[in-house]
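Worksheet for the structure shown next.
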Amino acid sequence: MATEAEPGRRRRCCAQDTPDVPKVPDSRGDSDGPRRGSLCDRHCVTINNWQGDVGELGCHLHRPRVPAAVSTPSCCQQHSEEVCESCVVKTTLTAENAVEANKLSNNYKFGFKKWKSHVTARPWEDRSEIVKELYSDLNVIRGSGGSMLTCGNVLYLLLFGWWLSLLYVLVAAVMFVTIMGAPYGRLCWDLAGYFLWPFGKVIQKVEVPKSHQACEAGAGESSALLGGPTPHRWRPQCWAGTGYWHRAGTAAWLCLGYPVLALAHGLVCVTAWLLIVLIPVAKLSARATSRVLLLPPERVLVRRLRMTEVPLEGEVILCCYRAANPYYYKYAVHGINVFAVNLLPLVLVTLVLGYADSPNRLTSSAVKFTLALLSIMPLSYYIGMAIASISAQSNFAVGAVVNATFGSITELTFYITALIKGSREGNRCYAEVVKSALTGTLVGCVLFVPGLCMVIGGIRHQEQRFNSRSAGVSSALLFLSVGGVFAPTLFSKVYGKLVCGECHNVTQNPLGHYLCHNCHFDLMDNNGTLYYSHVQPLVYTVSILLPAAYLIGLFFTLKTHTHIYDIHISDCHMPGHHHSAVVHWSRWRALVILLLSTLCMSACADLATEHISPILTNSTISQYFIGVTVLAMVPELPEIVNGIQFALQNNLSLSIEIGNCIAVQVCMLQIPILVLFTIFYPTNFTLVFSDLHVYASMFSVVLMNYIFMDGKCDYFQGTVLVMVYFILLAVYFFAPSPSGC
């Protein structure tokens with residue numbers, strides 16, 4: 001992404017730092033005006049010429065163009081020097097259609113969810129050959145498939161091939177015993193050899209000669225379709241092709257042979273699909289069950305491909321060369337990534353096991369808590385996909401409302417259910433865990449998310465640049481939000497009364513030193529006068545000011561200063577290709593999925609809080625560490641993946657904005673909502689954090705702003721952020737449990 005130049009370097013940025021704009025010689029030569037004006041005019045001419053060239057290629061920019069009648073000197077007469085310079089450094093992003101353009105534009109809007117995946121179906125011709133191979137059916141014969149002895153093929157033989165082939169041999173024996181199912185027995189015998197090593201072999205659907213004379217001609221007759229001998233299985237079928245024997249053989253096959261093989265192929269299909277890299281094996285098994293095993297045996301031909309053969313004329317049903325493909329992590333089903341598809345059954349298992357096995361007869365609370373926490377990851381993905389789909393297909397107002405309403409629903413659902421359970425049990429430990437999770441999300445999104453993206457992106461790109469002005473807006477809001485959130489804590493440290501649970505005299509002298517444990521500032525002294533008269537009004541004031549500051553930030557970045565992000569969206573296609581938007585999820589479908597995912601999220605959060613109590617009481621690990629790591633970062637895993645994908649594409653601005661936006665929403669939206677919730681449903685949650693939370697959060701924000709000052713970074717700076725994050729995790733790991741736990 002292009003970076004906004006610093007004031008002292010604007011002349012050089014305007015002249016050189018714009019890779020998207022080609023350089024053209026100045027047709028006017030030396031102008032009478034100053035040099036700055038000539039550079040500005042020359043780039044205005046460049047932009048106009050470039051727009052014209054792009055227009056000839058079918059690229060339509062989503063911005064007003066300069067009319068052709070406007071002369072070159074009038075460009076800088078109409079615009080100031082700063083405006084002309086800003087028009088040069090803008091980044092142009094390519095989108096296939098208007099819906100995708102809206103999604104890309106929303107990624108750069110403050111407060112909107114950043115989403116990497118496409119919300120519309122990409123045109124087939126625009127995809128790479130690697131991606132095309134992922135979605136192709138296993139019925140394409142390639143000229144040169146290379147060596148068939150690969151690690152993936154050997155893995156197939158060890159995992160599935162040998163026992164699947166043995167099963168076919170046993171079924172073939174059973175069908176031969178029935179006599180009437182002998183044609184199916186011969187088919188199973190041929191398929192036993194195929195599924196032992198299917199690579200380099202082909203299964204065809206052939207046409208049976210209709211004349212009985214052709215059938216009686218014997219093995220010496222050749223088939224016009226295949227150019228070779230008539231398959232041996234055709235001849236026994238001639239006398240049993242119709243009538244009683246045919247129906248009896250089919251019935252025996254459907255009762256004795258097909259169910260066993262369909263069950264085996266189903267097991268192979270599910271196992272291979274869950275392994276992801278073996279999805280070709282899953283396709284192979286699914287196609288064999290739905291097509292090959294349901295065909296009459298005389299219409300199935302199994303043969304080995306040879307390099308010297310002419311192209312086959314019959315319909316190819318199966319032709320596989322590789323059992324594994326490492327690029328299947330890119331595979332998507334109706335726009336849903338394969339990992340999210342595979343984790344969706346985990347949600348059903350969690351809900352059924354959690355509510356049907358309340359007494360914990362089948363599994364323990366630790367297992368149910370782990371399953372509930374893992375189920376939050378795919379649900380977070382579906383919520384993010386639904387929000388991005390609705391925002392891309394709606395106007396700005398609807399998108400802003402949806403993002404503000406459901407953008408933090410994952411975290412808020414867990415926090416509110418934990419506070420409700422703590423209030424019912426009278427256990428303050430749940431409130432402390434929620435505070436730890438809030439702090440962990442803040443620290444993780446400020447240090448770990450951008451740091452990890454810098455490291456991974458820096459491996460591919462030596463130096464990455466980002467928009468320091470847009471990052472500065474988020475940084476300013478972070479300073480404001482952290483100061484507002486911890487203001488009641490600092491107030492209580494100044495005016496609260498220090499109370500310790502246990503003190504020991506170290507020097508055995510009444511006037512000597514005392515060693516105290518479990519000390520905290522008591523705000524309820526004198527019937528809570530300090531808290532109810534001073535701290536609580538401050539908390540309510542902060543909870544009103546923080547959302548107001550968030551709205552001002554939205555208005556600043558999305559209305560009055562939109563030029564900060566320097567983004568143009570274009571839909572560029574080759575001539576003759578007209579692509580209409582084929583959305584994966586319509587607005588209504590996305591809304592239904594959003595509501596169902598939110599409902600399932602609430603149920604999983606309820607199960608997680610229901611079964612976290614034994615972990616908190618019996619675990620030797622500090623409750624601080626559990627809240628800061630597991631409860632804080634697991635729901636953010638889809639966002640971390642999005643940030644890494646953006647960084648790999650050298651778009652570090654979005655990677656940084658992902659972490660900053662989440663951190664800002666934690667302080668300016670989530671915490672005020674929790675405070676508002678405690679007004680209507682009293683809980684043990686107070687906006688007073690421990691010293692460890694305060695110091696960790698403030699240090700993280702200061703370090704992040706120091707790293708992001710110059711608008712460029714590399715993997716070393718990312719390593720610094722990640723290492724500081726792990727140091728803080730070590731501090732939380734060895735910290736004693738909070739009071740009340």
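Backbone N, Cα and C atoms are what each Cβ position is placed from, and that goes for glycine too.
Predicted automatically and left uncurated, TrEMBL annotations should be read as such.
Range with TrEMBL annotation transmembrane segment, chosen from 306-326, 621-641, is 621-641. Beyond its flanks by at least six residues, the transmembrane segment (538-558) meets 109-111, 396, 400, 470, 473, 477, 480-481, 484-485, 487-488, 491, 564-565, 664-665, 667-669, 671-672, 675-676, 686-687 of its own chain at Cβ-Cβ distances under 8 Å. Per-class residue totals from DSSP over the domain 'Sodium/calcium exchanger membrane region' (366-487), listed helix then strand then coil: 106 helix, 2 strand, 14 coil. Using a Cβ-Cβ cut-off under 8 Å and counting only residues 6 or more beyond its ends in the same chain, the transmembrane segment (437-459) has close neighbours at 411, 414-415, 478, 482, 627-629, 631-633, 636, 639-640, 643-644, 646-648, 650, 652, 655-656, 658-660, 662-663, 666-667, 670-671, 689, 693, 696-697, 700-701, 703-704, 713-722, 724-725, 728.
Here the domain 'Inner membrane component' (151-201) has, by DSSP, the following mix of helix, strand and coil residues: 42 helix, 2 strand, 7 coil. Only sequence-distant pairs (6 or more apart) were considered; of these, fewer than three Cβ pairs between the transmembrane segment (687-708) and the transmembrane segment (331-356) are under 8 A, so the stretches are not in contact.
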